[in-house]
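Peer 1: Structure incoming, see below.
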């Protein structure tokens, strides 16, 4: 059977996708509020400020939309969304527990194990869908989602090891953060942009990028494993080498994607600009992370410096941009005008830049304003009558 040359249509389950987009938007707004409150002096821990975004907004989006893209790319739609909805429900209930119970308490461990089980279930579901795919032209990127979920399992294991004090706490937490960001988040992005970014920009999907996908995944996974081993054992040269391999793998995959998009009179929309900017931020921050570790900067201290730009300007900008295309499309709503969106993109990226060069608090305020404006725009799309 000849593989189809286009992914399956993406317009199923409008009510589910409207709800899912609402859940992600809720967590984004909660995360923005929490971080603004912290800037104003509220007693909130760094753990709460970050994980309300990474576990609440980011992980929910990954569960929902990696499942959705897997269905489209393998051309194997499921009859209903009960399984993924159950995973999302378990994740969100566990995140609420984590945010309100003492760190490393019994309830904290139980909620963490529940999230671990959710991502194991998710990885198995994605793998089985990919293994049973009848067409392979686009399904070649689905293993990125399996790898992403696997690295989240590793990240949770590292966090549990840190809580049990099995090794150096700071080293384990540094490895945990990178397994989450460069594993779960970045692998999901890389697997998605091969087909999604050209769709946003009205450009052809690059056959060369599809051909490069398996090698990219292999090199990225090997590089990240080296980086994690180096961080845990405090062999920082090895950690830096692993990060460089990951960056090289990403450039190898993204080059034909961006060449196709930028060389085809791209359609400049808020979603396409947001996704492009987010991809470039993540790539730049990972390169900076590897270089700084090689130069001897303490990895955990480095995390606090780079994380606002990475999470806000990179990952969450990507999520917000993708949602502004996916939710109106899947919920059958009209796309908004672009010019107000370009202003939001400009404010958000200025904020990401300021978090690195200063003043940091002003940068975080700009990031929060840009992301909040994106979520308000998204809500207006969904609530507007058809």
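Each residue, glycine too, has its Cβ placed from N, Cα and C.
Caution: TrEMBL annotation is automatic and unverified by curators.
Grabbed the feature section from TrEMBL, which reads as follows:
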TRANSMEM  20-40  transmembrane segment
TRANSMEM  46-64  transmembrane segment
TRANSMEM  84-101  transmembrane segment
TRANSMEM  107-130  transmembrane segment
TRANSMEM  142-164  transmembrane segment
TRANSMEM  184-205  transmembrane segment
TRANSMEM  217-235  transmembrane segment
TRANSMEM  241-263  transmembrane segment
TRANSMEM  275-299  transmembrane segment
TRANSMEM  305-329  transmembrane segment
TRANSMEM  341-358  transmembrane segment
TRANSMEM  364-383  transmembrane segment
Peer 1: Other than its close neighbours in sequence, what residues sit by the transmembrane segment (275-299), given a CB gap under 8 Å and a spacing of at least six beyond its ends?
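Peer 2: For the transmembrane segment (275-299), the nonlocal Cβ contacts are 170-171, 174, 178, 182, 185-186, 189, 193, 196-197, 200, 227, 231, 236-237, 239-240, 242-244, 246-247, 250-251, 254, 258, 261, 306, 309-310, 313-318, 321-322, 345, 349, 352.
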Peer 1: Select the range from 184-205, 341-358, 364-383 that forms the most Cβ-Cβ pairs under 8 Å with the transmembrane segment (20-40).
Peer 2: 364-383
